[in-house]
Every structure is written in C-alpha cells, then in structure tokens.
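Visitor: Quick one: the structure is below, questions incoming.
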Amino acid sequence: MDDEDMSCTSGDDYAGYGDEDYYNEADVDAADDVAVTPTHSEEADYECLSVNQVERVFIDGVNSLVSRISINEKFARILLQANHWDVDKIARLVRNDRNDFLRKCHIDAKPEPKRKLSSTQSVLAKGYCSVCAMDGYTELPHLTCGHCFCEHCWKSHVESRLSEGVASRIECMESECEVYAPSEFVLSIIKNSPVIKLKYERFLLRDMVNSHPHLKFCVGNECPVIIRSTEVKPKRVTCMQCHTSFCVKCGADYHAPTSCETIKQWMTKCADDSETANYISAHTKDCPQCHSCIEKAGGCNHIQCTRCRHHFCWMCFGDWKSHGSEYYECSRYKENPSVAAEANHVKARRALEKYLHYFERFENHSKSLKMEEELRDKIRKKIDDKVNEHNGTWIDWQYLHKSVSLLTKCRYTLQYTYPFAYFLSATPRKNLFEYQQAQLEKEVEELAWAVERADGTARGALEAHMHRAEHKRQTLLHDFFF
C-alpha cells in the first residue's frame with residue numbers, strides 16, 4: 001500500500017473486517033435501530049497514518065514551536081519530546097526561565113567552573129580526544145556543552161547506546177554531562193553506516209511516537225500503521241490495514257468498563273498468579289480445624305491433617321467419625337467456618353479464592369466469545385442457505401447476523417466487568433456495580449439462548465432481547481466508565 005493512500009478516519013466503513021475481533025463495533029452499528037442509542041461513543045475519533053505522514057505531524061509540531069520561541073529546529077524536537085509535544089507548555093516555561101528550562105531538557109549544559117590550562121594543555125585540548133587518548137585531530141565533533149571527542153568514539157558510543165535500546169537520549173560522553181545529542185548530530189556521525197542508521201531511525205521513531213500523547217503504534221503483528229487520535233481517552237480504535245482493535249490510550253485490548261491502570265494490574269496478576277492459583281485450587285484445601293494448607297496425594301477422601309491430626313472428609317470437610325457410611329461418595333458441600341482471627345495463610349487462601357472467583361468468570365466469557373465465533377459462522381451459512389433457496393433476501397435475515405454481533409459486543413463488555421469488580425472497594429458503589437453486572441449477565445445469557453435457537457425464536461422476541469441487553473450494557477458503561 002502506498003504511504004499516501006494509507007490515511008483513513010474512524011468514519012470509514014469497516015464492515016466485514018471484524019471476523020477475528022470479538023468487539024467490532026461496526027458489526028453492530030446497523031443494529032442501533034433495535035438497541036439503545038448510546039449517549040457516549042466508545043469509538044475514538046482517529047485516523048490511520050503511515051510513517052511518512054507521521055513525520056509530517058512531527059514537522060508541523062516543530063514548525064509550530066519554532067514560530068513561538070526562538071530556537072533551532074534540531075533542539076525543538078528534543079523539547080517537544082521531553083514535554084509530550086505540548087507547545088503551549090514549552091512556550092510558557094521558556095518565558096519563565098529559558099536557561100534553566102533548556103538545561104532541564106538536556107539541551108544546554110550546566111555551568112562548569114572555569115579551569116586555567118597551561119600552554120601545553122591548551123594546545124592538546126584543541127585536537128585531543130579524552131576517550132581514546134589520541135591527539136592531532138583537526139576537528140572534533142561536540143554538542144552544545146563543548147566537550148569534544150573524535151568521530152570514531154562518537155560512533156562507538158552511538159552503537160553502544162543503540163544496543164541498549166536508547167536513541168533519542170544519547171548523551172554526551174563526558175562524565176556527569178547530561179546534554180543530549182540531536183538527531184541531526186547522530187545521523188552525521190553514522191552517515192556511512194547504513195545498518196546502524198536504519199536501526200537508529202527505527203528506534204528514534206519509536207521514541208517520538210511514544211512521547212506523543214495522540215499517537216500510538218498499531219499493536220497488530222508487524223503492522224506499520226500509526227494511529228492518531230484527537231483525544232487521550234481509553235477508547236477503541238481499529239486499524240484499517242490489519243483490522244486489529246485496541247485501546248488507543250494504553251494499547252491493550254479494549255477493556256471498558258475497566259480503566260487502563262486497572263487492566264494493566266489485572267493482566268500482570270493473571271500472568272503471575274494463574275498457574276499457581278489453578279494448581280493450588282485443584283490440589284490443596286485447608287484443614288477445617290487448624291486451617292493448614294493440605295495437598296491431597298492419593299485418591300482416598302479420608303484425610304488426616306499432619307499438623308493437628310484431625311480426620312476429615314476431603315469432599316465435605318466433615319469430621320470423619322460422624323461422616324456416615326458413604327465415605328468415598330460424599331456429595332455434601334460445607335463452607336469453611338469463619339474464624340475471628342485468621343492466620344496469614346488463611347488470609348492468603350481467602351485472597352486466592354477471591355481472585356479465582358473473578359478470574360474463572362473472566363476466562364469463561366473469553367471462551368464463550370470464541371465459541372460464539374463459531375455460532376457467527378453458522379448463522380452466516382444459515383443466511384446464505386436461505387437466500388440461495390430463495391427464502392427471503394440477505395436484508396430479510398440480517399437481523400440474525402445483527403443478533404450474534406450484539407451478543408458478542410455485550411459479552412465482551414461483560415468479560416471486562418470482572419477485573420473492574422475485583423479491584424473495586426467494598427462500598428455502596430460496588431453493590432450498585434455488581435447489581436448492574438448481574439443484570440447484564442442475565443440479559444446476555446438470555447440473548448445467547450435466543451440466538452442459538454434463532455429458528456425457534458420470532459424476530460420480534462429476538463430483537464427485544466437485543467434491546468434489553470444493549471440497554472443494560474449502555475447503562476453500566478454510562479454509570480461506571482464514561
């Protein structure tokens with residue numbers, strides 16, 4: 001695709017692109033006539049840009065700053081990156097104390113006490129590189145700080161910093177000097193090394209995009225598109241090239257009603273705890289008498305705690321002596337008795353149980369979304385068959401396609417209510433949220449039941465299910481997300 005043709009806006013038609021996206025809003029836009037009209041948009045106002053188009057965005061930002069303050073373009077980029085491309089903020093800080101601000105942004109060096117050099121030292125200083133200890137150079141590259149080093153040492157320094165992933169913050173080699181090298185300076189040093197130059201430009205683009213609040217790399221696999229949004233909010237964008245959808249603020253999967261900070265905590269916790277939690281949940285229980293954690297080694301349900309010697313049933317936690325005759329086929333369930341002062345390991349078990357409660361439901365809805373993709377394919381085939389049999393047109397049966405798309409949308413939102421609820425403090429607000437969550441879950445499952453039995457469900461009844469589910473979803477998002 002040509003760079004000039006890559007630009008698109010969020011108003012473009014994405015219909016049909018969302019086959020692998022569980023939350024493709026475009027798929028259900030046409031269902032709005034049977035659902036609730038949202039008062040807030042979950043879709044960001046954005047456009048998809050190529051690298052060349054993004055470079056023009058950077059140039060416009062530099063020109064805007066240069067027109068406001070008297071500064072060289074190469075330093076304007078450093079200022080903009082350090083201040084998240086906020087031209088007004090930079091202009092204000094420059095007016096307050098220009099010299100101090102430029103030092104804080106690593107453009108000017110901190111004042112150094114002047115040292116008196118001997119005549120021999122003065123001669124050497126003019127052509128001497130203190131890194132390689134070679135002299136005789138007629139010209140030594142240097143930054144605004146004036147510290148001179150030979151081109152070979154500069155190149156080695158640039159390569160070293162690039163190997164560490166640093167591009168826009170390559171500093172002077174002088175000890176304790178914090179002046180940054182502008183991109184023009186670095187490119188002049190590595191101009192004869194195309195491989196290093198390519199790596200530097202790639203890393204520099206990464207740093208520039210990451211510093212810009214309205215730019216975000218598409219998270220699709222090896223996708224070159226860069227998204228530019230008009231607002232920095234956790235809203236959904238869809239790449240026009242690879243059709244990947246994600247949150248434009250944090251780059252994660254779209255996660256309403258959960259915030260970016262909360263979903264990051266949740267995903268970290270899942271990555272750290274899930275395998276351990278699953279094993280502990282499946283293989284261990286607490287002794288009902290001393291609350292020690294016990295791992296069951298065999299198939300027998302008669303357990304003796306090694307700590308307190310208490311005999312109990314693995315299945316129901318009942319005292320083994322009074323358990324009855326059906327020792328090995330116990331079907332009773334009894335919760336652990338509450339204790340006034342829980343030991344640390346008991347508190348850990350309670351925390352684990354809480355985590356598993358939310359994690360299992362989060363995962364269950366994720367699995368349901370995958371299975372409902374198969375349902376989507378079946379409904380598409382069903383519609384095609386009916387149309388081919390001259391039993392109505394695609395428009396006549398489109399409501400079936402809309403129903404599964406809306407089901408997907410509602411279940412996706414429901415899935416992300418569980419991380420939100422996990423981190424929510426026990427307050428009246430949480431009670432309200434859990435009530436609305438339960439209402440949404442009820443409507444989602446009723447809609448799923450109706451969609452799976454679409455042949456036996458009248459169109460009016462199915463559309464009523466769709467309306468109720470979307471109404472509950474919008475109400476929850478309005479109260480806890482927008």
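Cβ coordinates come from backbone N, Cα and C, glycine included.
Straight from Swiss-Prot, here's the annotation block:
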type     : residues               : note
ACT_SITE : C300                   : active site
BINDING  : C129, C132, C150, C153 : Zn(2+) 1 binding site
BINDING  : C145, H147, C172, C177 : Zn(2+) 2 binding site
BINDING  : C218, C223, C239, C242 : Zn(2+) 3 binding site
BINDING  : C247, C250, H255, C260 : Zn(2+) 4 binding site
BINDING  : C287, C290, C305, C308 : Zn(2+) 5 binding site
BINDING  : C313, C316, H323, C330 : Zn(2+) 6 binding site
COILED   : 433-459                : coiled coil
REGION   : 125-334                : region 'TRIAD supradomain'
ZN_FING  : 129-177                : zinc finger
ZN_FING  : 198-260                : zinc finger
ZN_FING  : 287-316                : zinc finger
Visitor: CB neighbours of C290 (Zn(2+) 5 binding site) within 10 A?
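Guide: Here the count is 14.
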Visitor: Cβ within 8 angstroms of the Cβ centroid of C247, C250, H255, C260: which residues besides those meet this for the Zn(2+) 4 site?
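Guide: Near the Zn(2+) 4 site, the remaining chain residues are P234, F246, K249, G251, A252, D253, Y254, T258, S259, I263, K264.
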Visitor: On the three-state reduction of DSSP, what should I expect for C247 (Zn(2+) 4 binding site)?
Guide: strand
Visitor: Around the Zn(2+) 3 site formed by C218, C223, C239, C242, which additional residues qualify by having Cβ within 8 Å of the site's Cβ center?
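Guide: Other same-chain residues near the Zn(2+) 3 site: C48, V219, G220, P224, V225, M240, Q241, H243, T244.
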Visitor: Sort the residues of the zinc finger (287-316) into helix, strand and coil with DSSP and give the three counts.
Guide: 0 helix, 9 strand, 21 coil
Visitor: What three-state class does DSSP give C242 (Zn(2+) 3 binding site)?
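Guide: SS state of C242 (Zn(2+) 3 binding site) = coil.
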Visitor: Taking the Cβ of C153 (Zn(2+) 1 binding site) as the reference point, list residues of the same chain whose Cβ is under 8 angstroms away and which are at least six residues distant in sequence.
Guide: C129, V131, C132, M173
Visitor: Can you give me the Cα-Cα distance between C172 (Zn(2+) 2 binding site) and C150 (Zn(2+) 1 binding site) in Å, rounded to a whole number?
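Guide: Rounded to a whole number, the Cα-Cα distance is 12 Å.
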Visitor: So around the Zn(2+) 5 site, C287, C290, C305, C308 aside, which residues have their CB within 8 A of the centroid of those CB atoms?
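Guide: Close Cβ neighbours, site residues excluded: P288, Q289, H291, S292, I294, T306, R307, R309, H310.
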Visitor: Would you pick out, from the binding-site residues C129, C260, the residue whose Cβ has the largest number of other Cβ atoms within 10 Å?
Guide: C129
Visitor: About how far apart, in whole Å, are the alpha carbons (Cα) of H147 (Zn(2+) 2 binding site) and C305 (Zn(2+) 5 binding site)?
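Guide: About 72 Å separates the two Cα atoms.
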Visitor: Taking only same-chain residues 6+ apart in sequence, whose CB is under 8 Å from that of C150 (Zn(2+) 1 binding site), what do you get?
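Guide: Listed in sequence order: C129, V131, C132, M134, Y137, L140, P141.
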Visitor: Cβ within 8 angstroms of the Cβ centroid of C145, H147, C172, C177: which residues besides those meet this for the Zn(2+) 2 site?
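Guide: Going along the sequence, the neighbours come out as A109, H142, L143, G146, E171, M173, E174, E178, V179.
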